[in-house]
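Per TrEMBL, the features are as follows:
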type: SIGNAL; residues: 1-19; note: signal peptide
type: DOMAIN; residues: 227-238; note: domain 'Tyrosinase copper-binding'
type: REGION; residues: 311-336; note: region 'Disordered'
């Protein structure tokens, strides 16, 4: 067979292209992104970025009904039973929110999905700055939203099909939201879980469920995308999954469990609502289908955190050293070295507390951390009617709540100099 110069040139280019290709091979699929978008926590966005994001969301719901926005709610309702309480929960929502993001970018290419890291607001979530834009709870018997950028927001679909109505919200404490799961619980759950089935199941039935259950209104059922906060919440859940995947090679491609039809969950499974797209296609957030990464929100200050923290002296006094040693020995059996995180912190909080173990000393008798200033609170129970409507195992949900409460109690006792003065709401 004779090779022409043109054929040789094409072959050489192909080889070079393959060598230079920075694609990711996952499940037999090769993908490439021209650019990677950075999804930020709401507080990390500039006012202009927030404004453009909100404008694009509102534009998606403009015009004749059903709108483009309404179509997302319908897709979520139509595929609700096959994508909730099953392993595909995380892959489905990853693709679902990406498709929503693509629609926003057709309106404004600069727009990128945002997330709400509600864990840093966990003690008092209704004081989060997101409500300045998203409007808090609803009013009146119909629970309609009358404040914020989405006041008088009209939607078209509900769990029973066509149900034109106002956006509804009903916070679980009336005008406020009860405490949510703190970052300590999320961090420890991630560290302790290497099995996908356990990770997905815990994430869906507790961190996912608590925000839906507490916000009420449209967030209580499969019509939850009607509420624009849905996208902030599920983008945060996707961030948690992405971080869990990045932990190690075991979790990187972990996927397991059983599908709704009883078959084993596989990477080659098609995602409900999206024929031709498999679970493997959405496992890497930097793949061509997704093309995004997440910002780090661990250093953000949530509601209740002190805005100014004094700098600790280089050499703490004897009283402080005795306090540290006594507390750490009492709860872990180990004595810490000053200047390092106690073993207790590693056991309960994980790497998240490398940044928080910054002791503050005042007159050599008082010490605290930014953890103390945040006021850890036990989460309110997730409403039983929501748990049952979603088909979750209530015993498992209550067990998750008990684990979170135990961690909160341990932290508050450990930092008793400050935390015993807290008025934890119930």
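Here the Cβ of each residue, glycine as well, is placed from N, Cα and C on the backbone.
A TrEMBL annotation is a machine prediction, not a hand-curated record.
The shown structure was predicted, so the numbers you read here are calculated from the model rather than taken from an experiment.
Long-range contacts of the domain 'Tyrosinase copper-binding' (227-238) within its own chain (CB-CB distance under 8 A, at least 6 residues past either end) are made by residues 39, 42, 57, 90, 93-94, 96-97, 100, 113-118, 130, 134, 150, 153, 167, 169, 203, 207-208, 211-212, 215, 217-219. Averaged across the domain 'Tyrosinase copper-binding' (227-238), pLDDT in this predicted model comes to 99.
For the domain 'Tyrosinase copper-binding' (227-238), the number of residues in each DSSP class (helix H, G, I; strand E, B; coil) is 10 helix, 0 strand, 2 coil.
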